[in-house]
Amino acid sequence: MPKIYDYDDYDRCVAQAPKASAEDAVYCVARTIIKPDQESSLWRLIENFTNDTKRHFRHDHLDRGFCIERCRQLVNSLDVHRAEELYVDKFAISFPYIMHADLFNNVSDDRARYGRLINICQNYALRQQYNLSGYTEIEYCTGPKRSTPIDGLDISFLVIMGLILLLVISSTWYDRYTRKQLDNEHYKKDLPCRKTMVLTSFSLVRNWYRLVSRSKDQLNEDLKFFQAIRFFTFCLVVVGHCGDLFTATWFANTQDREAEYYNPLGHMLINGSLIVQSFFEMSGFLLSIHFCTTQAKMKRISWAAILVTVGYRYIRLTPAYAFVLLLHATWLPKLQDGPLWPRGAEVERNLCRRNWWTNLLYVNNYVNADEPCLQQAWYLACDYQLFTVGLIILVAVTKYKKYVVHIFSISGAVAILIPALVVYFNHFDGVFLVTLQAERFIYWFDEMYHKIYIPFHTNIGCYVGGIVYGYLYYRVRSSDNKGNRSGFLKFLWYMTVPCGMLTLMISMIFYSNDFEKPSLWISLFFPLHKNAWALFGAIILYGIIYNYNRFIKSVVNFPVFVPLGRLTYCAYICHVFFLKNFFYGTRDIPHFSNVSMYTKVISVIVASYILGAIVALTLEFPISALQKHLLSHKLEKISKPEPPKENNNELSPPSA
């Protein structure tokens with residue numbers, strides 16, 4: 001069968017620029033759809049193989065890169081009749097095959113100028129090698145003289161970055177100027193003057209100590225291992241995203257990727273998207289713990305506290321998020337070039353300029369989700385919405401204590417019923433199917449992705465599970481319970497990881513079978529399978545909290561994980577910046593293997609934490625400090641707190 005990814009040498013193509021006119025120094029990326037031909041045995045093979053859409057690529061859908069100068073020379077060497085014979089008009093195509101033209105610059109002009117040329121050029125190759133033909137459509141064109149001009153928004157990013165740098169330098173200097181102690185204790189404690197604390201909020205040294213400080217509160221010390229779990233969960237998320245980007249860009253050995261779908265162990269990576277449920281469960285658990293801890297100090301909790309708390313969270317999360325969004329909308333496309341770079345960077349720039357408001361309102365998992373800016377930010381929107389729902393549940397539990405069991409039971413039932421109904425009425429399978437064809441467009445055209453994977457109403461289960469577990473843990477901890485250390489529970493704890501792996505592998509049945517749908521058992525299987533992750537997470541947390549294995553407890557409590565865990569939020573919002581640079585910036589088609597895969601994973605993780613640390617120290621932590629010193633009295637007016645005990649080293653909020 002024809003190669004799915006086949007690109008002309010980009011650097012050799014643009015090297016012809018001095019010899020050719022500027023118009024001809026162009027490189028076009030296109031999609032080719034092979035025209036059905038039942039008389040061809042090869043076409044019948046392609047059609048039969050492609051019909052298994054769950055485990056195979058569409059081998060009638062090809063990605064191609066054309067050097068316009070090469071194609072022009074080829075077509076000029078053909079006689080007029082031969083060229084006319086090779087041209088194929090567009091025919092009926094039953095699946096999404098190309099990105100929208102308005103995502104790129106000047107596509108209409110390029111299609112009018114070069115569309116016929118590359119159509120003939122591609123069909124010449126298909127006829128010569130495979131005796132097939134197809135319709136080829138330009139997705140975008142690029143070249144050395146097609147750089148994006150600098151505009152006002154680009155300048156504004158530099159101005160904002162300069163202002164942040166000025167704030168950091170001046171705040172750091174002022175913090176040092178007010179230091180009365182010779183040692184570093186000055187930076188580790190809040191100063192008695194609120195005005196001074198506001199002026200030192202951007203102090204780099206003070207924020208560094210905020211990052212590396214150890215909690216002195218017993219509850220936070222007990223849950224310190226959460227920072228390690230955050231870090232490892234983020235690493236697994238990067239593994240999944242790197243797997244997606246291999247398919248969304250290009251690689252040579254597509255047959256090896258297809259073979260993974262026949263290997264049960266391969267489905268641990270394929271269905272690894274379930275790992276994001278760990279983030280939801282942790283967020284719900286920590287929200288519940290912090291709420292119960294705060295509520296114990298309050299005389300009352302009002303419904304208005306929900307709005308204030310949600311507003312607090314917005315102020316804390318959004319500045320760092322908006323900074324990274326602005327980076328993607330301005331300077332990302334100017335960092336590199338290459339055959340794939342416009343698909344990764346130019347599209348991101350245009351979509352961020354078009355849909356930035358959906359991100360900043362945290363509705364991007366519902367509004368314009370098929371044209372995402374910072375696609376990984378669907379999680380931030382979903383988590384923000386779940387945070388709001390979680391607060392409502394916890395306030396209800398606090399105000400109506402007699403109905404705690406009823407409230408939690410109804411929440412759990414809703415968490416199962418909603419996704420079950422979505423699966424049933426949309427005729428979906430029992431798991432989120434990660435198909436190779438959907439990965440080629442990073443799920444933009446995938447119905448299951450939009451209706452079941454990214455909406456908050458289908459991700460309630462693990463978040464509610466985390467809230468319930470956090471509530472129960474707080475109640476048990478308040479009674480000084482030492483925990484159940486029975487042999488049976490220890491056995492369950494040790495079996496959790498193998499059961500989690502089996503849960504991922506059992507998804508294989510929906511890839512190898514096409515069950516009749518709609519089906520009641522499939523509809524129930526989906527939420528139960530997905531929310532089993534909450535049960536596994538609860539068992540793991542229980543065993544770590546009550547020290548089932550001292551070695552594992554010592555590893556997850558290793559001090560280095562404290563700053564790494566606190567940086568996870570900023571590393572998460574930064575990591576797609578490096579995914580785009582490492583994958584879309586390549587010149588040569590790579591070979592997919594475990595070594596190449598995990599080399600990229602390590603590179604992305606290290607780079608994300610470096611940039612994430614910069615963003616956290618200069619934006620996230622300073623904004624959090626300003627919020628604390630300027631706005632803390634707002635919540636006090638609503639909740640009427642008792643005087644709290646002084647504690648300047650609290651565990652990072654669940655948003656981190």
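Cβ atoms are placed via backbone N, Cα and C, with glycine included.
Unlike curated records, TrEMBL annotations are generated automatically.
Annotated features, as they stand in TrEMBL:
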TRANSMEM  155-174  transmembrane segment
DOMAIN    225-616  domain 'Acyltransferase 3'
TRANSMEM  231-252  transmembrane segment
TRANSMEM  272-293  transmembrane segment
TRANSMEM  314-332  transmembrane segment
TRANSMEM  377-397  transmembrane segment
TRANSMEM  404-425  transmembrane segment
TRANSMEM  452-472  transmembrane segment
TRANSMEM  492-511  transmembrane segment
TRANSMEM  531-548  transmembrane segment
TRANSMEM  555-578  transmembrane segment
TRANSMEM  598-619  transmembrane segment
For the transmembrane segment (155-174), sequence-distant contacts whose Cβ falls under 8 Å of one of its Cβ atoms, 6 or more beyond its ends: 199-205, 323, 326-327, 330-331, 617-619, 622
Which of 377-397, 452-472, 555-578, 598-619 contacts the transmembrane segment (314-332) most, counting Cβ pairs under 8 Å: 555-578
Positions whose Cβ lies under 8 angstroms from the transmembrane segment (555-578), at least six residues beyond its ends: 211-212, 214, 224-231, 234, 237-238, 241, 317, 320-321, 324, 327-328, 332, 374-377, 379-380, 544, 603-605, 607-609, 611-613, 615-616, 620, 652, 655-656
Contact between the transmembrane segment (492-511) and the transmembrane segment (452-472) (3 or more Cβ pairs under 8 Å, separation 6+): no
Close approaches to the transmembrane segment (452-472) from elsewhere in its chain (Cβ under 8 angstroms; 6 or more beyond its ends): 273, 277-278, 280-289, 292, 365-366, 369, 378, 381-382, 385-386, 389-390, 393-394, 397, 408, 411-412, 414-416, 418-419, 422-423, 426, 428, 432, 443, 526-527, 530-531, 533-535, 537-538, 541
